[in-house]
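J.: For reference, the structure I am asking about is given below.
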Amino acid sequence: MELKNKKWTDEEFHKQREEVLQQWPTGKEVDLQEAVDYLKKIPAEKNFAEKLVLAKKKGITMAQPRAGVALLDEHIELLRYLQDEGGADFLPSTIDAYTRQNRYDECENGIKESEKAGRSLLNGFPGVNYGVKGCRKVLEAVNLPLQARHGTPDSRLLAEIIHAGGWTSNEGGGISYNVPYAKNVTIEKSLLDWQYCDRLVGFYEEQGVHINREPFGPLTGTLVPPSMSNAVGITEALLAAEQGVKNITVGYGECGNMIQDIAALRCLEEQTNEYLKAYGYNDVFVTTVFHQWMGGFPQDESKAFGVIVTATTIAALAGATKVIVKTPHEAIGIPTKEANAAGIKATKMALNMLEGQRMPMSKELETEMAVIKAETKCILDKMFELGKGDLAIGTVKAFETGVMDIPFGPSKYNAGKMMPVRDNLGCVRYLEFGNVPFTEEIKNYNRERLQERAKFEGRDVSFQMVIDDIFAVGKGRLIGRPE
């Protein structure tokens, strides 16, 4: 199929479905009409989209962990523990790395080896291999909505199986689940594959089944300037809306300066709604998700809790609908269920104490919002120009030209010419602009902020600052000051 930002016809969609469902034997279990009937029977409190609408209307921030293991019964036990002991509001199923690369044979081996070893030898739940029946077994064993969280450039079969399995949210997008996760997948291919995932959700919406879609906000999780991640989120929201998605959660990964983070999340919500309405998508319900610190963590558990609670405070004061929870084992590896629950409990306590509180508008917040919105608009306007009005084509060209450029992305289709660094207050700014199409005024603003840091630290603005910033939080502070 040729890539364009146009809703797929029923014929195009169903023709591709036939191929997709043959990628692995469990694809045969998917029957769309039967899936619609099953999904309609799921109570509202277990529907992701509906629970998000409720949270947004009440003005509360809900907590969701990450979690997934190889064996079905152990996965259920883990999720129940995070529900009952941790007090999670939403549940995940983090999908394993083989599934993310569509290597289902190796998943099968991983399941068998895990059974032999008596513990999970995969870093997530192999949803495709367990199929619709397995996914339903998970849903029916818990009392909360389920979402697939993964990192899959081609998530078509996974999307078919999890939605038919009753999971009412799928995370990802053609940019956010390609550029930070894969090396050799073209932007065009991943955009097409995610159009399929969005069209599937659009099909369910047409049948009266509400399903949430969540672009992955943090991208590489390392010093991503808010305007760049917001431009990606807004782009993926617009592409999803064209395929018929009606419930979208745009995401943002904590950078660490409270004013900048609150400004970024509010700009993301406001500009997503502005762009959706400007392009005629008037019936899309937008919520936000704030990801607790995605970079390196301190190894000390008490310090890790400090990072978790600081992030939660920012999420609450920003008015996020949902916060993604980290654990005190983040620096060590995959957490125990106890450590995961501990992260949720710390998060929930902070959320409860801050319920209803918001950061009021200030001169600083207003300035930061104006900068982020202006930067984001520069990127998006250029994308529409490159695509001659077609955002899907514009996205491909934006990566070809470096207009959209994700710092530290492994993809060979990412320019990697833009370089971020913190300013003297810890806000993430642009050190090297690459081909990001900012006005001279915006460029000067970034340069001035970095000069303030250089003066304070008594050193030149340089790549050494970037390196220092990357390791700073793991060493116990936000900004990588010289030793």
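Including glycine, each Cβ sits where the backbone N, Cα and C put it.
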J.: Select one of Gly68, Gly389, Gly394: the residue that Swiss-Prot places in the adenosylcob(III)alamin site alongside Asn123, Pro180, Phe297, Lys326, Glu330, Ile334.
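T.: As annotated by Swiss-Prot, Asn123, Pro180, Phe297, Lys326, Glu330, Ile334 share the adenosylcob(III)alamin site with Gly68, chosen from Gly68, Gly389, Gly394.
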J.: Compute the C-alpha separation of Glu171 (L-glutamate binding site) from Gly68 (adenosylcob(III)alamin binding site), stating it in Å without decimals.
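T.: Distance between the two Cα atoms comes out at 14 Å.
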J.: Give me the Cα-Cα distance between Asn123 (adenosylcob(III)alamin binding site) and His150 (L-glutamate binding site), rounded to a whole Å.
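T.: A Cα-Cα distance of 11 Å.
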J.: Determine the Cβ neighbour count for Asn123 (adenosylcob(III)alamin binding site): the number of other Cβ atoms within 10 Å of its Cβ.
T.: 17
J.: Looking only at DSSP and grouping its letters into three states, which state does Glu171 (L-glutamate binding site) belong to?
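T.: For Glu171 (L-glutamate binding site) - judged by DSSP and reduced to three states - the answer is strand.
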J.: When DSSP states are folded down to helix, strand and coil, where does Arg100 (L-glutamate binding site) land?
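T.: DSSP call for Arg100 (L-glutamate binding site): helix.
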